[in-house]
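**Q** I have a structure I would like to understand better, so I am pasting it below and will then ask my questions one at a time.
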Amino acid sequence: MAKSGGGGGGGGGGGGGGGGSGGLTCVTLFDNQINASKKEESESVNKNDTSKKMSVERVYQKKTQLEHILLRPDTYIGSVEPLTQLMWVYDEDVGMNCREVTFVPGLYKIFDEILVNAADNKQRDKNMTCIKISIDPESNIISIWNNGKGIPVVEHKVEKVYVPALIFGQLLTSSNYDDDEKKVTGGRNGYGAKLCNIFSTKFTVETACKEYKHSFKQTWMNNMMKTSEPKIKHFEGDDYTCITFQPDLSKFKMENLDKDIVSLMTRRAYDLAGSCKGVKVMLNGKKLPVNGFRSYVDLYVKDKLDETGVALKVIHEVVNERWDVCLTLSEKGFQQISFVNSIATTKGGRHVDYVVDQVVGKLIEVVKKKNKAGVSVKPFQVKNHIWVFVNCLIENPSFDSQTKENMTLQPKSFGSKCQLSEKFFKAASNCGIIESILNWVKFKAQTQLNKKCSSVKHSKIKGIPKLDDANDAGGKHSLDCTLILTEGDSAKSLAVSGLGVIGRDRYGVFPLRGKILNVREASHKQIMENAEINNIIKIVGLQYKKSYEDPESLKSLRYGKIMIMTDQDQDGSHIKGLLINFIHHNWPSLLKHGFLEEFITPIVKASKNKQELSFYSIPEFDEWKKHMENHKAWKIKYYKGLGTSTAKEAKEYFADMERHRILFRYAGPEDDAAITLAFSKKKIDDRKEWLTNFMEDRRQRRLHGLPEQFLYGTATKHLTYNDFINKELILFSNSDNERSIPSLVDGLKPGQRKVLFTCFKRNDKREVKVAQLAGSVAEMSAYHHGEQALMMTIVNLAQNFVGSNNVNLLQPIGQFGTRLHGGKDAASPRYIFTMLSPLARLLFPSVDDNLLKFLYDDNQRVEPEWYIPIIPMVLVNGAEGIGTGWACKLPNYDTREIVNNVRRMLDGLDPHPMLPNYKNFRGTIQELGQNQYVVSGEIFVVDRNTVEITELPVRTWTQVYKEQVLEPMLNGTEKTPALISDYKEYHTDTTVKFVVKMTEEKLAQAEAAGLHKVFKLQTSLTCNSMVLFDHMGCLKKYETVQDILKEFFDLRLHYYSLRKEWLVGMLGAESTKLNNQARFILEKIQGKITIENRSKRDLIQMLVQRGYESDPVKAWKEAQEKAAEEEDPQNANDDASSASGSTSGPDFNYILNMSLWSLTKEKVEELIKHRDSKERELNDLKRKSASDLWKEDLAAFVEELEKVEAQEREDVLAGMVGKPIKGKVGKPKMKKLQLEETMPSPFGRRIVPQITSAMKADASRKLLKKKKGDADSVAIKMEFDEEFGGVQAEGGGDDTVNTAASGTKTPKLKREKKEPGTRVRRAPSSTKSSAKKVKKRNPWSDDESKSESDLEESEPVIIPRDSLLRRAAADRAKYTFDFSKEEDDAHDDDDANNNNDLDELKVKASPVINDREDEFVPSDSVEKDEYDFSPVKSKPSPEKMSQEKKNQDFGNIFSFPSYSQKTDDDTTKLDSDEEDSTPVFSSPFAPKQTEKMLSKTVAAKKAKVDVPPKPKRAPKAKKMETVNSDSDSEFGIPKKTAAPKGKGRGAKKRKTSGSENEGEYNPGKKAPKSTPCKKSKKAAFDQDSDVEIFQSGFASETAPKPRTGRARKEVKYFAESDEDDDFDMFN
């Protein structure tokens, strides 16, 4: 019993010994199994039933856990079979290396469990400093010792055993079972050390605990089945723990610890030294030379080189206490060495992915930027170049198995974050990984190209459409074959016609579909997908990147030469250049073998009788004309393309192959340099110098009358690549610039100029379909490109939505596009109509056409070199274009502000600085630095969870904004949660309104971060590329807008002098003609002359004797034509010259062809009256200066501008105005609901756009960088412009007025303090109360918005919109406007009339000013120059506001022009940094300034207008800022006549101003400027009539629209003349 009990105990527990008579008997599990099986066999004899029962028990067995571990070890420690694989090991002779090792994973695991336990102790006791590892392969003993806190040597009260015996000798015991406790240790499941004990023949635990003053030692043997009694001793020293064990090698099928397993264990010792911070590791008595994780990584990368032979660069970052990361380049695919709580996770896991994903995400961004090959790079491909080392501490990690090779815990449970720094990523992108990835990409691209884009020599090839292959191509005579590449199918037909002469055996033809790819800058993907390139390679038999240095290698080609056959124009030259570039980039050696040649055809043929001359360049033809006296007798035919030649001519060309075939010869490195210069992206600055030198050379040649250089003379048989690039291709590059970059003079590109020329010539009185007009342009102006591009040009010229043109030269009759899609929503050109705008001929007076230099194309007189408008249109509508070497970008500026500056310059004053301005833009434009601006939209906080966006930055289109900004904010992404909960849209085609809902917390956060920034309502506008063609046709870079304005002014003033000379001559001739006619009639009536029954000769002789002159007008015109021909013989009109020269003798037809009716009394009186009128007109003209003529044109233009814009405002209101009630007088009422839906909420709090110091610093850095980088290039670009070196003008309007602020009720307007140097152009705030706000223009509309924004000094203070509205309403109440007149004027005033009113008014500093006017429409005081439009903020009276609140709301929406214009006053403001110094923003009224301004204005007005002074409504233009008040009328809202509080006259005054405006709008009503008008204006602006001073301030704000009153009538020089034909030229 005792024995069996002992055995049972031994078998079951394996812990104690059995009883017996003496020694200790050890019974193992296997002994029990053997004994049981023997017993079973003996008992099975003759016992069948029993046998069956025992067999079931054998099948279904229950094992103890210890038995299970020994029976199925792979479940716990991994395989116990030898495994061979690549592993990192540490060998004494080689160090750390990755080699093939054979080891038993189970043995490796039990060693690692003890090792990790030792490392875990560091997390329990930070004072632990040492781990000692001893491995004795000979005696098969392994020992691991560590100091630090030992295991408590105390008896466990529940289990009744000592704690060390419990945790090392009993399964399922651990200190890691409390999952609520966050631990960063390796132990987790309670198996680790026990598994080592179970698989050891001997396992000894020693530990000492200072706390309990005892040491403990106990030994287990025979796979933990036998144990000795623990030895407990008193202990006073330092704590320690030591585990010594002898692995049971038989369980691992091993005989001893071989070299491989020892190397692996040694590596783990090094792992511990690297991953366990602050612990020194001793191995076999020696301290390991590893000091931290970075030192450990060096064991791996030491002596390793990258593909370029450079040592690997390791990037290291200690992210925090728990994360240590190193990164370097991997050449063997992705590699990782990682540790979790000192456990070597050899298979990685989520912690590695967590780090690698961050690195890959950043690196792939860099790769994509630098990847020129076009190969798609995916994250896993980037990962393949990364070697990452991660050492981390994870709370309660989980693994996919007990072997702990792969960590599976989700990142969110790590207990810490590893956010790598930008410094780390920057270093990572420079450590060789990027270069390695790009090299791989390049290799892959090359492989793909070699596979797809190479060809081998075949006698026949298939699958290439339109190829006419040479019969001998690909055969033994292939080197003698030539492939003719033609420009298009029509040219191929010409070549095929010619093949009839030279045969098809050695010549093949292949048509190109246009310009081929510039392969030098193309991506791999582009080259792969380019059918043209692939076809050429296949046809010729080229092998990609193969060298053809050896002439023998050429035999592998199907063709020995390529002949390029293109049109003789500049685009044809470009195609030749691209083909040369294609061959040079890929097979440069082919150029040395004479592989390329070209086939030239005549561009002009001159024939006479049977003689025929061919010219291959225009300069050559011009030279011939110059030296051929009777060239007019020759028939001239121009050949614009190969398609012009007939089949007969084609045969003639090929018959004379020697003349038409030009060989390209390689002359050396200079040829390579020339080709690279023309096509390499790296040679941008060199190209600029190249083109600049060409333009300068051309200018000098023209000045000195020298002919232009040309190729292809009669003796030309070959040319070098250098000559081709510098004499032919450069013409294309220059023409590319001419097509892409506008002229400073008229702001037009050639295509636009052709459209304008055609429209002027057609002079349509009715609208014409855009598609039809495009055809007419192509016909009348010799346009040689596609008509589709022409139609788009016409559409662009007519667009007038916010962000397009400030002044559209064509009318958009139909859907020409809106701000919703940025014009892309325009209807098809077949469905829309257009015609000249009434402003076009006022901007480009017809009388100036006689002074222009018209060009000739195909011997056809086409558009002039440039038109000469009365203001610089390049500033009005801006410019944008990218050419060769240069690009141009110029924003729009306010039309009225430009007009005012021109007037100032005419008066000898300096122009005011100007800020960009876009018509109808209601946001703000603020100056950030020199030529740098910030464009801000408008956003209001309506309540605690609602914001309202009422304006977007310039050229941020509504639909795009919704899709790219609001939708992502609403839906959120994986990384970014949704910011807003909902939004609604209330836009029209002209206005913007998003009502956005968000939670109160998120709104508070967004406001703290800056609503403009969060909602992306700020964009930057940089004007550092103001490159334009000057009047001499040379590109010039302008530093400031003032430079452009001054250069234009000088040229335009000179042309006004020329115009006066021309008019004096023409009017003199007309006067003489009329005088002769009148005298003849009178003498005939008096009987002094008899013409009856006399011969023609006698009549002419008689007239000559009596002093009559030959037709004076005809003679004068002939004299002008002759002078023009002498000046420019090449462009002389042959037909006109020959016609004029054909007649000889005096011409008296103008007298003798008069009808008999001319002798009647009425006709005689009419003729005399006409004669006298012409003489007076001539005398008047002689008394006027060039400046006077210019001022008259400006006045007429401004007057018409008022009418046009008033009509536009009326059109906007179409459909919103109800029908008038029968019998009621007054304006019809607005459909209020429709308006309110699209209007800004009256209760919003405006958020003022902020310019942060960071934005300014960034702008300064960019400026410095630009100055450093551009020093040389600027010198190059500007080598011919010495006159201007100005710096960007400082603020035109220090601050933009916050419309919200302007609406404030307080008498004192709070001004937004601007940081020094910051100028703001603000459109009227979107607050309903301020009409101006409504006027705010989109960043792209210049005119009105500019003036207003400049004028308003925005107060940083945010004022609730509703109060503003009330004020505005009150102000409106002041003005009663008839929709017909006042309202129009109001609109005009809003735009410009504010200025007028202001000019006329004398303003008092009165706290109560028309809110709406003051707030929204600053008016210029009379003191300001007439031209001033700088807005002054007057303080609105709250009561007025309330009355007119509603009206103003409407007004704001529709007062489109937001003027941030600067007037003279404005400039003063700008000059002074102080807010008050600026009249516009000074306290509501600055009387002294105003008076001065008034005097200036009056003087200016006198000087300005030769026309009656009343037309000088220019002040109204200033009033434009009053737009707010006017806006009501604009919208058709009846304005209340109630006089402003206490000042009925104020209302009157307002009315007057309104009437003036109306006059402008309604040509029939023109109110002369009278004192009363001024009064009314006062009233309009303020309740106080004293507001005169204020006026000036406001005027500047609303860019004064020159009042129609100024010069309502244009001076007509010939209008009264009966002989209209003589003046046709002016029409």
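From the backbone N, Cα and C atoms, a Cβ is placed for every residue, glycine too.
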**Q** Scan 406-415, 916-925, 1016-1025 against Swiss-Prot and say which stretch is down as region 'Interaction with DNA'.
**A** 1016-1025
**Q** Among 699-723, 799-823, 1224-1248, indicate the range for which Swiss-Prot gives the feature region 'Disordered'.
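**A** In Swiss-Prot, residues 1224-1248 carry the label region 'Disordered'.
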**Q** Please tell me which one of the recorded positions listed here (Asp569, Tyr783, Trp957) sits closest to Lys749 (site 'Interaction with DNA'), measuring Cα to Cα?
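**A** Smallest Cα separation from Lys749 (site 'Interaction with DNA') among Asp569, Tyr783, Trp957: Tyr783.
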**Q** In the structure shown, which of the recorded sites Lys515, Arg687, Lys688, Lys749 has the fewest other Cβ atoms within 10 Å?
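**A** It is Lys515 that, of the recorded sites Lys515, Arg687, Lys688, Lys749, has the fewest other Cβ atoms within 10 Å.
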**Q** What is the three-state DSSP composition of the region 'Interaction with DNA' (1016-1025), stated as helix, strand and coil residue counts?
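**A** Its residues divide into 0 helix, 5 strand, 5 coil.
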**Q** Per-residue pLDDT averaged over the region 'Interaction with DNA' (1016-1025) comes to what?
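**A** Across the residues of the region 'Interaction with DNA' (1016-1025) the model's pLDDT averages 91 on the 0 to 100 scale.
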**Q** Within 10 Å of the Cβ of Trp957 (site 'Interaction with DNA'), how many other Cβ atoms are there?
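**A** Other Cβ atoms within 10 Å of Trp957 (site 'Interaction with DNA'): 23.
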**Q** Just checking: which of Lys515, Asn518, Arg687, Tyr783 have a Cα that is within 10 Å of the Cα of Glu487 (Mg(2+) 1 binding site), counting only these recorded sites?
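**A** Among Lys515, Asn518, Arg687, Tyr783, the ones whose Cα sits within 10 Å of that of Glu487 (Mg(2+) 1 binding site) are Lys515.
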**Q** Measure from the Cα of Tyr831 (active site, O-(5'-phospho-DNA)-tyrosine intermediate) to the Cα of every one of the recorded positions Asn518, Asp569, Arg687, Lys688, then give the nearest.
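**A** So, of the listed recorded positions, the one sitting closest to Tyr831 (active site, O-(5'-phospho-DNA)-tyrosine intermediate) is Asp569.
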**Q** Take the Cβ of Asn518 (site 'Interaction with DNA') and count every other Cβ within 10 Å, whichever protein chain it belongs to.
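**A** Step by step: centre on the Cβ of Asn518 (site 'Interaction with DNA'), count other Cβ atoms within 10 Å, giving 17.
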**Q** Out of Lys515, Asn518, Asp567, Asp569, point to the one nearest Arg687 (site 'Interaction with DNA') in space (Cα versus Cα); all of them are recorded positions in the record.
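**A** Result for Arg687 (site 'Interaction with DNA'): the nearest of the recorded positions is Asn518.
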**Q** List nothing but the one residue from Glu487, Asp567, Asp569 whose Cβ has the fewest other Cβ atoms within 10 Å; the candidates are the binding-site residues.
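**A** Result for the binding-site residues Glu487, Asp567, Asp569: minimum number of other Cβ atoms within 10 Å at Asp569.
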**Q** Taking 10 A as the limit, how many CB atoms besides its own sit near the CB of Tyr831 (active site, O-(5'-phospho-DNA)-tyrosine intermediate)?
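**A** Other Cβ atoms found within 10 Å: 12.
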**Q** Using Cβ atoms only, which residues of the same chain lie under 8 Å from Tyr783 (site 'Interaction with DNA') while being at least 6 residues apart in sequence?
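**A** Listed in sequence order, they are Gly751, Lys754, Val777, Leu790.
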